[in-house]
Every structure is written in structure tokens, then in C-alpha cells.
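Working notes, beginning with the structure itself.
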Amino acid sequence: MGKTYSSPVNPIPKAPKGLAIHHWLNFLQAAYRLQPGPSEFDFHQLRKFLKLAIKTPVWLNPINYSVLARLIPKNYPGRVHEIVAILIQETPAREAPPSAPPADDPQKPPPYPEHAQVEPQCLPVLHPHGAPATHRPWQMKDLQAIKQEVSSSAPGSPQFMQTVRLAVQQFDPTAKDLHDLLQYLCSSLVASLHHQQLETLIAQAETQGITGYNPLAGPLRVQANNPNQQGLRREYQNLWLSAFSALPGNTKDPTWAAILQGPEEPFCSFVERLNVALDNGLPEGTPKDPILRSLAYSNANKECQKLLQARGQTNSPLGEMLRACQTWTPRDKNKILMIQPKKTPPPNQPCFRCGQAGHWSRDCKQPRPPPGPCPLCQDPAHWKQDCPQLKADTKGSEDLLLDLPCEASHVRERKNLLRGGGLTSPRTILPLIPLSQQRQPILHVQVSFSNTSPVGVQALLDTGADITVLPAYLCPPDSNLQDTTVLGAGGPSTSKFKILPRPVHIHLPFRKQPVTLTSCLIDTNDQWTILGRDALQQCQSSLYLADQPSSVLPVQTPKLIGLEHLPPPPEVSQFPLNPERLQALTDLVSRALEAKHIEPYQGPGNNPIFPVKKPNGKWRFIHDLRATNSLTRDLASPSPGPPDLTSLPQDLPHLRTIDLTDAFFQIPLPAVFQPYFAFTLPQPNNHGPGTRYSWRVLPQGFKNSPTLFEQQLSHILAPVRKAFPNSLIIQYMDDILLASPALRELTALTDKVTNALTKEGLPMSLEKTQATPGSIHFLGQVISPDCITYETLPSIHVKSIWSLAELQSMLGELQWVSKGTPVLRSSLHQLYLALRGHRDPRDTIELTSTQVQALKTIQKALALNCRSRLVSQLPILALIILRPTGTTAVLFQTKQKWPLVWLHTPHPATSLRPWGQLLANAIITLDKYSLQHYGQICKSFHHNISNQALTYYLHTSDQSSVAILLQHSHRFHNLGAQPSGPWRSLLQVPQIFQNIDVLRPPFIISPVVIDHAPCLFSDGATSKAAFILWDKQVIHQQVLPLPSTCSAQAGELFGLLAGLQKSKPWPALNIFLDSKFLIGHLRRMALGAFLGPSTQCDLHARLFPLLQGKTVYVHHVRSHTLLQDPISRLNEATDALMLAPLLPLNPTTLHQITHCNPHALRNHGATASEAHAIVQACHTCKVINPQGRLPQGYIRRGHAPNVIWQGDVTHLHYKRYKYCLLVWVDTYSGVVSVSCRRKETGSDCVVSLLAAISILGKPHSINTDNGTAYLSQEFQQFCSSLSIKHSTHVPYNPTSSGLVERTNGILKTLISKYLLDNHHLPLETAISKSLWTINHLNVLPSCQKTRWQLHQAQPLPSIPENTLPPRASPKWYYYKIPGLTNPRWSGPVQSLKEAAGAALIPVGGSHLWIPWRLLKRGICPRPESNAVADPETKDHQLHG
């Protein structure tokens, strides 16, 4: 062995001549364990001693190390004594019984018989001291040398293991090198078994922990490929070697490993033979699927192997390999049962065999004469195959293999006959026998021997049998039967079959001439009549399964698919594809076209298509229907979701599953919707226009396809459900589960369902059908007689460093199995918290100690993941566990091993979660779940809330959940301190009995005000918070500044917390707040609640210790009511603490800003003399003409607001530009509206009038000059549309337009003053400031009101013509008639009524309202007393 390998830098010492390699490795492993390590001198002395020991007569095989130690001379140099002592210590002495095989016999594979001597266990591979740090890859000569050493030993035998160990020790291979070595040394069967065992060992090692292994760096196999990972690579080498010892026994040369596919044998028949052979010969516990999949490709004929290679399915699932071979094999066989050749008249020439005419030579019954003498016996009368010398000795003949394929050439090749002599080649059509899934290959044949009449019999056609088998009763009595050994699917047999060495004639129904066989097998038990390949090859017939082409099935066409509104079809361009993808896409489209799922199409609409490569190398057709889905209306799904399989009663023990293939491709698509499902197959390199197709059936990817299929399938199964009321049919998508109380009823139900599905044309997958007894796999779960488990459970590695993707994926798997995992929500919540706060998907998460402990808890709980099936006679009980992190609810039944379901519900995303509301929600959820899945509500609810807390909540809470809890209170059961019940043995979770402090009320709310307690008023805003503590007087008040990022709610919380901090000494407190949020928060806290995630979570948590144990009265105060009660005044005082004080304007400042009149200053706190002094001292008012010097005007005024307006346009120069000011003034109140424009047009006048109407209201009539803008057609039409009377006056006439002209002067004077104060003041600002001064500041001296107050006053009432108003206290006035130019005063007369702005004066037998400016007080002409009239008279001329 040492000569076969290349020498490393520090070569391993070679074995002495005559010593087996596996023995030498034992000495090397012992030498490497010396301390200190061995030297070259030690190895030299060891080799020298072993050379001498081998030649001694006491040398034993196997080696007895105790005897060997006695042969070592005393004072022998080196450390040979220590090496042999290590071997004696590691190898316990055993005596081999007589029945044990020799220990060095490499031909006996493991496991050995019970009493066989077991080879000493070799320690893990140790590399030599000073070995190089890098490994050496294999070379071909190295692999050949290793294979030559182990060629005569079975995998796993001692010699095999020692040889491989030495190779590993010399080359230090990586994981890839070990994989190459396994493929080179062992068969595909052994490699597959070794791979299964290695995966198991790696998983166990990763769980226990490996030195140097980093889970984040990839699998162990990937890390072991790194040549620098020397320690980790050696761990992998030991696992790889240990996998051989775990191989099942008898793995060398199994009988079923040599089963090959015949040249004409269908692939499905070949796979069926393999499957039967594996079922009969595979050791128990060995996985069958990988071996069957490996042999199905490696032992297939060349045609199927080439096909599977071209399709990329050499390692695909077995169903896909079968489908590929059945679909893509050449269709060169005619689907004809039996067809005879065309009859032609026999020739006139004599037959060259028998010399007689009247028949063809091929139909001659005489054997063809041999071409020459037999090469064995030189007899010219027979052929070589009929030579007696070949038949003389059959005892030493080789065993017959029944299941080996035929090696004959292709028998269906067309014969090329010479054309000449008037002879034509007969038209030969080969007989083919089509089979179906339900039909067995059986024919009625007749069997005869020489000098016997034919006997009819039913024969089974078997292309896997090499030789024909006949029953013994057909054999003539004088037959000479010979012993033989037959190797079949059940193993070798020496007694069941005999060989008959004489000709036998078999008459087939489709052949005139019989098939003549030189020999056949005789079944001594009269069980089998088989026509093998020897008979089928002579008649040139073959068996095949008739193809059943896929077609659009007779399923009902759906009436609604969501596109009935017929929107415009989408037009999404097809994107380019590389040649590989385009070729795969062309192949996929061809398959869909053959299956009649699509058809050529010419019309509008297009959606892109592309292929996706699966992990197994196959391609999948993807039609991007997102554009169509966006146009489609959602259909209401009849399915509420996947069923809970625990609802399957235990009294329905007999189960069967039915799986439908290509479910969505069975629903026909109406032609009107084809534009929405059209696509284009592009040409390579755009060499031509693409080919257009559209779906004939609803495709995958359409969002309503699952809903439509469920509706169709439910309609098909509805009659079956009515016919079998005692059975259950569970349907979800294309998976169907049947459950019945009796096997006979299940059989009838299965037949009924199968017939219904077959009638509608829905194909079923027979490979995936499962039935009891045994477990049933359905919807990812395993159904056992009394429980439900999941097919796969997530493997959790307890570690502190996780990537975000790993943790998210693991939690997703946990969510799938959470209904059966006995763990509380708190453990899951800890892991959910670890996902928060990350924005980069590539982040790495470091778990806290609490989260790592949660991982351990979940890992233990997964080992108990199991759920019980429903017992219909027992009630359903519920357990509710409330925790701050969420609610855990359990549904279970008494006397059962496992619960029905675990439900984990997170708390709602609110700042405070009252436990009473959570309990009510859990009750509603459990009742709904139980009623939906089990058909009954819960009998009782067990919860972890004390009776005292529940009673207090029901008596004091005003929440809506109180009504729900009272309704279900008769079903409540408190767990108590020491609970008793079925869950003590059922639920292995001790945390459910822990008390929750949060559920206890932290403080008590008093229903009335507490007399002896102080009062706390608090408030807050985004920048400040304040509180006042009052007890007969203000004890303390404080204003708190807040951070800039604070919200209003946080400000209110800050104020309340500061007030509570100051009120700590008092056991009771009255709290008055104007925040409904805080009032509700305190009331919920008093009842007991869980804190939720919020931005103010820390502030909410600080409330609990400050209120703990207090008695509190809470009162809500409405703010800004201006009431004078103490509560409102103290609340306003709290608000005032947060407001910055606003200093009122003094009269001097007000005049400096606005230049208002003295009456306005008196209205703002100045006396008459002070106001006059302020105006006189103003420099701006001195420079610019004061308002008092403007000329007076006399016009016709309105008697009420918005009766008569005057309008005018005045011009103003501002910064070298000329502006037009369109002024409107009400003649009753004098209120003004101004619009600044650049032009004076009809449109500008309309805009200005609209602006005035929006502020002052709509006038009854307007009065303007006769300018072109006011007389324009546009302005006149606008006034007519609003029913406004328009009249004109004489411009610049005091008696016609005096009011508006005076207003223009006042306005321009104020603007000039403002611009004098600030030259850069914008014109719009100056105009607005002027309007504020004129309308809202300046006070009219006649009525002591502003123009705006006068304009908003109540209008004067209308006076009836015939009735006089009631007389008031007499007042005498001199008056002038409005509108007249007479300067003389009339009167005095007594006023009948006075109002704001005018007085009612009798004039000439009628009554007129005279404005105050045309009135002056007079003295009664005949006073009744000596009272002197008021000598003060005032001119009521309006001033600005």
C-alpha cells in the first residue's frame, strides 16, 4: 500500500513487507499517541521488529498483541514496548468462536453475526508529527491505487476502512476530495447510503458543537473545503469515515442492483421492477427513494439516459423522470392492438428448406438447414446451438437471471430486401399490445410440445423476464427436468423452478406460426405462466402504455372570472432573453401546446413570459400576469383558509388522500378573455416576428385561479358529501382527504369520488395517493390515529449571533408550527423584539441573555410539538393566559395526551391595554375558532386572573367589555394558587400559574371629590408644561420647559408627572385635567392594564409608582368656558402659566403705527387732552395734510348697510409706477373696500366689486362716475346678474360724489403717511394697514362707533305708512332734507324714533329718516319749565 501513493514532504513510514496495510495502520495510530511524539528511529526499530515477528511461527492472524509483547526482547532499542502497550490497552482481548469469520477476511461485509469477533475500534485519524500544513489533491494514479487495494473488500469492512483511513492520513483531503473518492470507489447505491448517514452525523455534530465551526460562514462541508481550515477539515474526515460504519448490512452486490432496462422496455415498467425489488431486498430502515432514483438513471438504457441528460433530470424526483421519459420518447409505435401482414399469394418456386411449393420459406415448419458442419462436433445435420455437446452437462451451467434484460439487437429495424426478380418486400407492421393502468398484460395462448396437442392457458407478458416460465402440469410426463437456480425479484431460488431442455411451441392469437423455444423454465408450484423476452422477440412484439393526450376537460366554464367589465387588455412588451433561456422557453411552450393548454392567437393584448431554473436543473414556465391582475376584480373566496386537521374525529380512523395533477389547467377559459392572457414567443436575435399564443385554460399566476378551481371542485364533490353523511371530505385547493368510520365505507367513498372526478375529467396522481393503516401526510402535517404532528420542525441553534435573514426565516417556520408548540407568547415576543429597529436586511443581530434563554425554551418545546385529534363525545375546554407580552390560549379536551391547539395573540398596538378587554377578546376569538373548526363552543374558560380583580373590574369599569364578561361569566374558572384540572398533566408549562402584578389595581378612583385632599391642576403643550397644587390656596406652581421634539400629549404627561411628584406626601388627591386622553388613561390604569409600545412608554411607566396605593378623584374640565367658578379659574390660571404675556399697545405707539384719529386713541385708554396732544406731536401728521381739513360733501346716503355704495377709481404713484385703486364705500356706515390694480378696465372693476362683496356683503345699488370701465358691457352684465342697480354721478361734485371723493383723500393720506414712515413698505401692506385704520380703529364722533361696528349693527326696522310708532321721550332737532342743496336749517321738530346713524323726523305730513350729519339738537320752542337747553351743539359732519 505504501508504494501506491505519492510521497508527501514528510512521508508516512511504509509498511514492512508481508504485513497487511490495515494492521500497519494500527501500529502507526498507536505510535502517534506517544508523548513525546515518535522519531524516525522509533519507526525504524518498529519495522525491524515486525519483520522478525512475521517470520516467527507464533505470528497470529488476527494479531494477538499480548502474545506479540512477549516476543519483544528485553532492552530492545526504541519505544516498541510503549507502542504495543497502547495497542493492548485500546484492544480488549476476545476469543473468536468457531462460527466467527476470520477477522482479516475482507469479503464479509458488516454487520457480522452476533458472536463474531469485532475488530478493535480505530481512534480518530491522527496526522504525523511535522506533517505539512497543506493538503494534497488526488491524482488519478492515487485513486487507481486505492481502488486496487479495496477492490476485493466490501465497503465498511475492516480492510476497506483501514485502507481508506491510511489514504486520508497521507493526503489530508478536503470535503470535495472525499466526495470524489467516494464516487470513484463505491457504487451509486453505497454513495447514496453513505450520503444519508453523513448528513445525519453532520447534523448531530453541528448541534453538539464543533471546534472551529462558524454557523454564519456556511455549512460544514463548505468550510471543510478550505485548505487553511486544518482542524475543521480533520473533524469532517472523522465524520466521513464514521459514516461507513453506520451503513446497513449486505450492501455489496445486491440482487436488485443489477436490474437493467431492456432496449425496448418502457421506462415505467423498468422502474416498477426496481421498486418491487427494493421493497423485497432492501434492509429495514434504509431510505428507498434516493436509491431508487439513482438506479433509475444509472441502470436505464442509453435512450432514456440521453433523454434525461438532455432534459437536465438526472437527479430529479422520480415522478418527473417518469413523465419526461413517457412524454419525450420517440412516437414510432403504431397504436394498434394486433395487425397481420398483408396476405400475398405464395410463390410457385419450391421452399429451399423442405423443397415443397405452396408456402413461403419464412412460414416453413422445417428448420433451416445449417450452412455447414457444426464447429463443435463437425456434424452437418444441426446448428451449433443444437449441438448435443452444449446440452450434455447442465449441472455446471451458470444460474439463470429472470430479471436481467435482453442483449438482443433492435428487432424493429426495417428489413432492406433486394428489389428484383419480381419479388416485393412485404409490408410488415409489428404487433403492438397497448396497455392501460387498469389492464394487466395477459394473453390467451396455446402451448404444445412435440407429439402433443396444444393446451390453452392464460399467460402473463413480462418484458423483464429473460426466459419463458410454464406451469408443471403442462409439461409432458417423460420430460427430463434439470435443477437450476433462478435469481428473481424475491431473491435466488433453487427449488421452485426447473429447466426443461426440449423445444416448446407457443401459439399466439395474433400470429399464424407458433413461437418455438429451445428451452423454458417449469414452475413446480403451478403458480406462474410467463411469456418472457425470448418469446416476444421472436414474434417481434412489444408492450407499451398507450398515451392519453391531455385535453381541455369537461369542467364547467366559469361564469365570472373578474374581467367581465372588459377593460382594455394590457400591452406589456416582451423583454429580451439570452439563448439559453430562449431555448428553454421554446421547449416549455411546445409542451404546453402539445398539452392543448395554449393555442396560436392573433389579437390584442400581451404579457411577458420568461423561464426560471429550479434547483434540480429543470425550467419552469412563468407568465407575468401582474398587469392583468391589476385589471381584475377580486372574487370572494369560498374557502376560509386551510382546515385545522385536529378537527378530524378519532372515530373516523380510515383515511385516504387524493391529489389532483395540474389542477388549475382544468378550467376552460372563455374566448372573450383570451386577450388578457396572450403572450409572444420571440425569435432568436429578432430574426423574425414572434409567435403569438394565448391560454385556453386559466393559467397559474392569475389571482382568481385558486378561487375558481375551489368553486368547481366544491360543486363536483357536493353530491358525494350528501351521499355519505357519516364520512368527511376535506378539500383545500387540489388536495382532498377522505375519512370514514369503516373500511368498506371508505372504499365506496373513494370509488364515488374517483368516478366523480374522472367523469369531470380531472386527472389524479396515483403516486401521491396515501391510505391507512399508517400515517397520512396532508397539507404539511402528519395524521396519526390519535394525534397530528408537522412533517418538519425548525431546527433551532442556541447562539447569540444571528443574521437578520436567519432570524426572520426561523421565526417564520416557528409561526407555521406554533399551533402545536407548548410555549407561552412571552418567549416568542422576546425574539420578535430582536427584529425591531433594523433597516438594513444585511444586519447582524446579537441576542440578549433573555432572548437566548427564550431560544432554549422554544427548542425544548419543539420536542413536545404534538396535537390531539378531536373526540366528538367530549366537550372542549379553554385556557387563557394573559401576559404583558401577549395572550396565549389553549383548546383541549379531558383525558387526552395533547391539547387541540395553541393560539398566540399579540396585544393591540395601543399605549395601554386593559386586561378586561383582552380577556373579552380572547373569549370571542376562542368561541369563534372552536365553532368554526370543531362545530361547538367552549364549555368553560380557565384563566389566570384572580376573582377579586375580576369582580372589581366588573363593578367599576365602564368599558364595553364588561357586557361580554358578564354574558360569559358562568363559564369562568379561576386557576387559583394551586389549580386542579386536566392541564396539570396535559400542559407542561409551569409559567401559566405565575401571578401577574400588573393585573392588580395600582390605585383606587373615588367616585366623589375627596374633601381633605389637595387639588392638582396640570396642563401641557409642545414647549411647556405647568401645574398648580392648591389646598385653600396655591401651595405650589411651576412651569417646566420641554424638549423641542416633544408632542402635546407628552407635554400633558410631563405636567401631570411633575404635579404627582410634588404631591407624594398626600395619600389622596383630586386631579383636575382638561385632557380627555389623560382622564381615560388614568381610569384604565386604575382597573389594571398592560403597557403597550408607544413613544411615551417611559412616561406612562413612571405613573405607576407615583400613584401606587393612592385614592384619587379624577375630573375633566372644559377649557376656555370663561366661567367664574373656582375649577374654571384655576384651570385658566394653569393655562396662563404657559402663555407668554402680551403687552397691550399704548395710545402713543398705536398712533405711531396707524396714525388713527383722537377718538380712536380715547377708545384705547387716552383722555381727550392726551389724544389731542399725541396727534399734535406726530411729525408725520404735521407734514401731511390732516384729515380734518378735507372738504365736506353732501350726498344721498343709504338708510341701512349695503343699500347704496359709491365707487370710484383713484390713482397713486408708487416707486415710478402708476397704480389704480378701485374704492368702494358704503354710504350708510362709511366702511371701505379697496383693490389695487395696474389697469382700469371692465374686468378689473368686476374683480374689485367681487372682492368688496366677499368682505362687506352684496349691495342693493351702486353709484359710480360715468367712466368707460363702469359703462362697459361686461360690468353692466355682471351687475344685472347679481340684481344690483347701477347709477352714475357727476365726478368731483361734492353733492354727487362727495363721500367717495372724501374717502379717496383719507385713504391716500394714510398711505402717504405710512410710506413716509417706511419708504420700503409694500403697497399692498400699506393699503391693508389703511383699511384697518379706517374701518376698525377710527371712531365716528357722532355715534362713538367704528365704521365696521356701524356696518355690523342691526339694520333699522321698516316703518308702516299708516301707523305711527310709539312716542318716546321728546327730542327736538333742526334738520336738512337729504339730497337738497338748501343750506338753511328747518325746524325744530320733535323726533319720533332714534336709531344708530339716523332719526325719524316728521316732514310735511310724512316721516323721513334723517342721518345724524343733517341733524342738530334744538330747543323746544315753548319750554314747559325753566330748564335751559343744552347750549352745546355739534356739527354732525362726518370726519375721518
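Cβ atoms are placed via backbone N, Cα and C, with glycine included.
Of the residues proposed, Asp927, Asp958, Asp1135, the one Swiss-Prot records at the same Mg(2+) 2 site as Asp1019, Glu1052, Asp1074 is Asp1135. Site annotation (Swiss-Prot, ligand Mg(2+) 1) includes Asp734, Asp735; from Asp659, Asp751, Asp786, the additional listed residue is Asp659. Through the fold, the zinc finger (349-366) approaches residues 512-513 of its own chain, all at least 6 residues removed from its boundaries and within a Cβ separation under 8 Å. Sequence-distant neighbours of Asp1265 (Mg(2+) 3 binding site) (same chain, 6+ residues apart, CB-CB distance under 8 A): Asp1208, Thr1288, His1289, Val1290, Pro1291, Ser1297.
Asp734 (Mg(2+) 1 binding site): 20 other CB atoms within 10 A of its CB, across all protein chains. Spatially close to Glu1052 (Mg(2+) 2 binding site) yet at least six residues away along the chain are Ser1018, Asp1019, Gly1020, Ala1025, Leu1073, Ser1075, Phe1077, Leu1078, judged by Cβ distances under 8 angstroms. The Cβ of Asp1074 (Mg(2+) 2 binding site) lies under 8 Å from the Cβ of Asp1019, His1116, Val1117, Arg1118, Ser1119, Asn1131, each of which sits 6+ residues away along the same chain.
Non-local neighbourhood of Asp659 (Mg(2+) 1 binding site): Asp734, Asp735, Ile736, Met764, Ser765, Lys768, Thr769, each in the same chain, at least six residues away, with C-beta under 8 Å from its C-beta. Averaged across the zinc finger (349-366), pLDDT for the predicted model comes to 74.
Cα of Asp1135 (Mg(2+) 2 binding site) to Cα of Asp462 (active site, for protease activity): a span of 101 Å. Secondary structure from DSSP puts Asp462 (active site, for protease activity) in coil. Around Asp462 (active site, for protease activity), the C-beta neighbours below 8 angstroms that are at least 6 residues distant in the chain are Pro441, Ile530, Leu531, Gly532. Asp734 (Mg(2+) 1 binding site) falls within neither a helix nor a strand when secondary structure is assigned with DSSP, and so counts as coil. Compute the center of the Cβ atoms of Asp1019, Glu1052, Asp1074, Asp1135, which mark the site for Mg(2+) 2; besides them, the chain residues with Cβ within 8 Å of that center are Ser1018, Gly1020, Ala1021, Ala1026, Gly1055, Leu1073, Ser1075, Ser1119, Asn1131, Thr1134, Met1138.
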